[in-house]
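Asker: Below you'll find the structure I mean.
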Amino acid sequence: MSYQMPQNRTMSHNPYNSSDMPMPSAKEQTLMWQQNSYLGDSGIHSGAVTQVPSLSGKDDDMEDDPLMFDMDQGFSQNFTQDQVDDMNQQLSQTRSQRVRAAMFPETLEEGIEIPSTQFDPQQPTAVQRLSEPSQMLKHAVVNLINYQDDADLATRAIPELIKLLNDEDQVVVSQAAMMVHQLSKKEASRHAIMNSPQMVAALVRALSQSNDLETTKGAVGTLHNLSHHRQGLLAIFKSGGIPALVKLLSSPVESVLFYAITTLHNLLLHQDGSKMAVRLAGGLQKMVALLQRNNVKFLAIVTDCLQILAYGNQESKLIILASTGPSELVRIMRSYDYEKLLWTTSRVLKVLSVCSSNKPAIVEAGGMQALAMHLGNPSQRLVQNCLWTLRNLSDAATKVDGLETLLSGLVTVLGSSDVNVVTCAAGILSNLTCNNQRNKVTVCQVGGVEALVGTIINAGDREEITEPAVCALRHLTSRHPESESAQNIVRNGYGLPVIVKLLNPPSRWPLIKAVIGLIRNLALCPSNAAPLREHGAIHLLVRLLFKAFQDTQRQRSSVATNGSQPPGAYADGVRMEEIVEGTVGALHILSKEELNRQLIRQQNVISIFVQLLFYNDIENIQRVAAGVLCELAVDKEVAEMIEAEGATAPLTELLNSANEGVATYAAAVLFKMSEDKSMDYKKRFSSELTTLPVFRDDTMWNNGELGIGPDLQDILSPDQAYEGLYGQGPPSVHSSHGGRAFQQGYDTLPIDSMQGLEIGGGGNAGPAGSNPNAGNNPGAGGPPSGQPTSPYAMDMDVGEMDASELTFDHLDVMPSPPQDNNQVAAWYDTDL
């Protein structure tokens, strides 16, 4: 399946294959040729008149051939020569009458019968065919005469009608308005009216001042007729007709309302300056009030006016919001099936959905569910508008429940061949599966993982599709009850080679970043470790790590030299530190498998891991670096290589880190490096650990048996919604790229809000906020107010032990990393 525009297909017009038919003889061909219509022509082509033997090929015996036509066979009645002569004479005498009847039938006297020469009613005679142009000319002349008469009449009547419209007697004004309305129905007089500014001004004045219904209907009907011409629109606008028309939007009379709204609609579409005039006259408020009516065609015009007024104008959007417009628009989407009304309404919602104030109002009014009702509509323009609107709303609907129908519909439309439809559907799924376990489970249960894998395979190099689809898969492969199943489905659906391939050029950095996070999640499934290695994931991750590390080193050197951050800190809105952190985190998970560890060791990256320990200003990078070293140090040779790279000093310093995860990983690596050291060294090391703040808690260790706990990378943290780099609409509030300042562990400024944190552990996380401290933070799971904002608050299930008795004398395993994280963690650990 490919996403391409439909192409025209050529079809053969030959209903049979001529090669299958026997070739007739030359004589038969000649006979068949002569049976065609050529015998009825002038003889130029067929030779039927001249019949020169050398040209026609007519033999003497052809007259007796039964295949030849009998020219008289169609006439069953025999006429005598006298009868024929009488008919010819009659036709000759009535020729002029026949011509007159065809061209000027109104000149004939009644009762005269004229013989007809028409044998076939389906075939007009030559005279009849020749009469058509003359009839058209006659009608044109008549119309021209009438047009001139209408124009002359209107021109002479306009001055008098203006006086009557300005009369104090309302009865006179009413009669004059109705008369002008009748004149405006004819084109000539209509042009005369619109070319008279005084007449248009008089109509507007009568409209504004009169309370008489007939006057109002006549005047507004005239303005409606004028509004079909640009000159008429300009005349209405210059005469101040817009405030008068807006006032009529409160009329209880249907015909007046229709005239007023259609005239305003024409003005908004074609007359410059009319939008501002309608806004100033309070038209928006009145139009929103009209949404409560139930005439679908009327509502279609009203909603189209609202779309024109709101597009690109924030003030108009806020006025619609203040007038409870979003709820009325959602009601229309839920209540009607008239395609044009649904389309125009979805256009208004699409415009409003990019407004940060209207967005939550639409979501709260049930906009997501109402728009989902029309994803199966046969109208493609309606479906696309609904999808774009849902895409814009989706980052504000990550906490909304009851979206099962929408999610199922989105999975279905992923199978569309329309690029825009698939792009929107993937982006919406990415946002709605962000930080919402229920939505994740729903999408998995309706076949969303398989559909997304198929979408990525079919998309090829279309990043506008692959990026949101990869982000959605990243969400579905971690931190919910069905995540392990999703990880297996990706492998079984042949998605691994395609996903790994996306790490290669020409993929841009936002897509690469998303793929790194997805690979990290897929590696959580032990069954994926070997296939990922075989498809080259480790080589590609290491290559990206080298590139990103070089860029960050160059940047940091420039900062140290110049004291300012260079422009190259971002690439396509993604900081290279994010790539460093993500690749190291993915390698950490992959290194749990022995063959993967051996391959990583062969990539000459241990020195980079050690250098990353010095990134004191980026705690998350220190954590992932210590984490991967912790896994690699399981092999004694690698532990020696780590020590040879000078890791002892930075690891010792990291023991003092306020980040429990960093400190624990550092302790684990140091412990592994000390395995071949003397017992005195181990005791001294153990004693030093107990003096550190992070290790003073006597519940840190489990009676001397310190088994490796759940991987620290499985610790949960905030989801972050996908912001489509290629889509329309506002940036997602959860965006991690697109030029915004990165705020996950890289900025020196503190994070102001913990909103949106989803806390738990491992691929099968429990519900967010299960931590006892969750009540101190509405984002679920944040630290109590006043405590340090360390990314790793631990919640370990360990036995009791006095810290003074802590010793490494008989330990053959490393310290256990923390098992929970209730604070900000690395982006790749999340649904970023």
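Numbers here mean position along the shown chain, with the first residue as 1.
Backbone N, Cα and C define each Cβ position, glycine as well.
Positions annotated as compositional bias 'Polar residues' by Swiss-Prot: 1-20. Marked as region 'Disordered' by Swiss-Prot: 1-24, 721-832. The repeat 'ARM 1' annotation in Swiss-Prot covers 146-185 and is backed by sequence analysis. According to Swiss-Prot, the repeat 'ARM 2' annotation covers 188-228. Per Swiss-Prot, the feature repeat 'ARM 3' maps to 230-269; the stated evidence is sequence analysis. Annotation source Swiss-Prot lists repeat 'ARM 4' at 272-311. Under the heading repeat 'ARM 5', Swiss-Prot lists 356-395. The annotation repeat 'ARM 6' is assigned in Swiss-Prot to 397-434. Summarising the annotation, Swiss-Prot assigns repeat 'ARM 7' to 483-524. Annotated repeat 'ARM 8' per Swiss-Prot: 594-634, in sequence order, evidence recorded as sequence analysis. According to Swiss-Prot, the feature repeat 'ARM 9' maps to 636-675. Marked as compositional bias 'Low complexity' by Swiss-Prot: 767-777.
Describe the structural context of each listed feature in the structure shown, including burial, neighbouring residues and relevant distances.
Answerer: Using a Cβ-Cβ cut-off under 8 Å and counting only residues 6 or more beyond its ends in the same chain, the repeat 'ARM 2' (188-228) has close neighbours at 147-151, 153-155, 158, 161-162, 165-166, 170, 173-174, 177-181, 235-236, 238-241, 243-245, 247-248, 251, 253, 255-256, 259-260, 262-263, 266-267.
With DSSP states grouped into helix (H, G, I), strand (E, B) and coil, the repeat 'ARM 3' (230-269) comes out at 35 helix, 0 strand, 5 coil.
Listed by sequence, the residues of this chain that lie at least six past the ends of the repeat 'ARM 4' (272-311) yet keep a Cβ under 8 A from its Cβ atoms are 233, 237, 242-243, 246-247, 249-250, 254, 257-258, 261-262, 264-265, 317, 319-320, 323-325, 328-329, 331-332, 336, 338, 340-341, 344-345, 347-348, 351-352.
Broken down with DSSP, the repeat 'ARM 5' (356-395) shows 29 helix, 0 strand, 11 coil.
When pLDDT values are averaged over the repeat 'ARM 6' (397-434), the model yields 95.
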Asker: I need to check the long-range neighbours of the repeat 'ARM 3' (230-269): which residues 6 or more away from its ends have a CB within less than 8 Å of a CB in the stretch?
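Answerer: Non-local partners: 190-191, 194-195, 197, 200-201, 203-204, 207-208, 213, 216-217, 220-221, 223-224, 275, 277-278, 281-283, 286-287, 289-290, 295, 298, 301-302, 304-305, 308-309.
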